[in-house]
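These features come from TrEMBL:
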- 57-114: domain '4Fe-4S Wbl-type' (DOMAIN)
- Cys58, Cys81, Cys84, Cys90: [4Fe-4S] cluster binding site (BINDING)
Amino acid sequence: MVSADRGVRKAGRWTDMMAEEGDRVVEWGDAPTEDLGVLVHLFDTADDEQEWQERALCAQTDPEAFFPEKGGSTREAKRICQGCEVRSECLEYALGHDERFGIWGGLSERERRKLKKRAI
């Protein structure tokens, strides 16, 4: 089992000290700088996604309405989506991440699939 003890600053870089059976130490050095831009972009994207998700009306309501059983009503979820300020971001996220279940951006999985086919 691996456990993180703490980070230690050494020679101008962070080294994570990790203990495993036999107290083997694993050091993580500097990442190549060209990879840092990719990492920054990924974290910025994650922050943007989290920001709109926090403002979504569905985050303040019962999630059961947005993931009804097969054949169940989607009416309540779609009504909530109609008044949501981040509806377009939600739909864009669902289409971009191939969400296959639930109501996203006011559309069911079947409606999103049809929309995607028309766009192709």
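Cβ from N, Cα, C; glycine included.
Cβ proximity to the [4Fe-4S] cluster site centre (mean Cβ of Cys58, Cys81, Cys84, Cys90, cutoff 8 Å) flags the following additional same-chain residues: Ala56, Leu57, Ala77, Ile80, Val86, Arg87, Ile103, Trp104, Gly105, Gly106. Counting every protein chain shown, the Cβ of Cys81 ([4Fe-4S] cluster binding site) has 22 other Cβ atoms within 10 Å.
According to DSSP, the domain '4Fe-4S Wbl-type' (57-114) comprises 32 helix, 2 strand, 24 coil.
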